[in-house]
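J.: Shown below is the structure under consideration.
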Amino acid sequence: MLCRLASAGRSSAKLIAPLGCLVSRQKHTLPDLPYDYGALEPHINAEIMQLHHSKHHATYVNNLNVTEEKYKEALAKGDVTAQVSLQPALKFNGGGHINHTIFWTNLSPNGGGEPKGELMEAIKRDFGSFANFKEKLTAVSVGVQGSGWGWLGYNKEQGRLQIAACANQDPLQGTTGLIPLLGIDVWEHAYYLQYKNVRPDYLKAIWNVINWENVSSRYATGKK
């Protein structure tokens, strides 16, 4: 039915093509970590990393696959009500998968310190200094009410870096338009086993494992 609808007109084809991709899609999978679970110690311990990756992220992936299957069925039936009702689950689980996939690469056992090159120049231009940027992103992340993320993003339209916070698992680009460069997970499952309810201590520690090469690479890609 989708193929027949796509032939109805140029505007219809533009709308239906992405849906066809969903129907024939491959299932999402949990990405491997680029380091061992204990590699970020003492800043983030192995137990947290194992549970965070193999349990929490895996749950987002599994639920996203289940939701997309239901969405595919709703599309095939032309059930718009069901499609609309599935949007929150797509956003939550899809965002959880997107956010964590970025998060793992934003961290490295060889991380910490300060960025170099164009990223550092952009940080100084847009925040005055690296210390000021670090303070602002930390403050925004500490201030997230409940669960969510603190982000450094790139505003391509304005050509500048921006700091933002997103609630729950809302994906940065899908909700703000900013290209995600660096995400800090401030859900309690990211730190509670080690830092209890003291989120500022976790945020102080995480700067020691930020993978600035990865963040810089994302910045260079986002500018293109």
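Here the Cβ of each residue, glycine as well, is placed from N, Cα and C on the backbone.
According to TrEMBL:
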DOMAIN    27-108  domain 'Manganese/iron superoxide dismutase N-terminal'
BINDING   H52, H100, D185, H189  Mn(2+) binding site
DOMAIN    115-218  domain 'Manganese/iron superoxide dismutase C-terminal'
J.: Would you mind giving the whole-number mean pLDDT across the domain 'Manganese/iron superoxide dismutase C-terminal' (115-218)?
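T.: That stretch averages a pLDDT of 98.
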J.: Out of H52, H100, H189, which of these binding-site residues shows the lowest number of other CB atoms within 10 Å of its CB?
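T.: Among the binding-site residues H52, H100, H189, the lowest count of other Cβ atoms within 10 Å belongs to H189.
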J.: Validating a neighbour-count step here. Other CB atoms within 10 A of the CB of D185 (Mn(2+) binding site): how many?
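T.: Result for D185 (Mn(2+) binding site): 25 other Cβ atoms within 10 Å.
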J.: Residues other than H52, H100, D185, H189 within 8 Å, Cβ to Cβ centroid, of the Mn(2+) site?
T.: H53, H56, H57, F103, W187, A190
J.: Go ahead and report the DSSP secondary structure tallies for the domain 'Manganese/iron superoxide dismutase C-terminal' (115-218): helix first, then strand, then coil.
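T.: Counts, helix then strand then coil: 54 helix, 24 strand, 26 coil.
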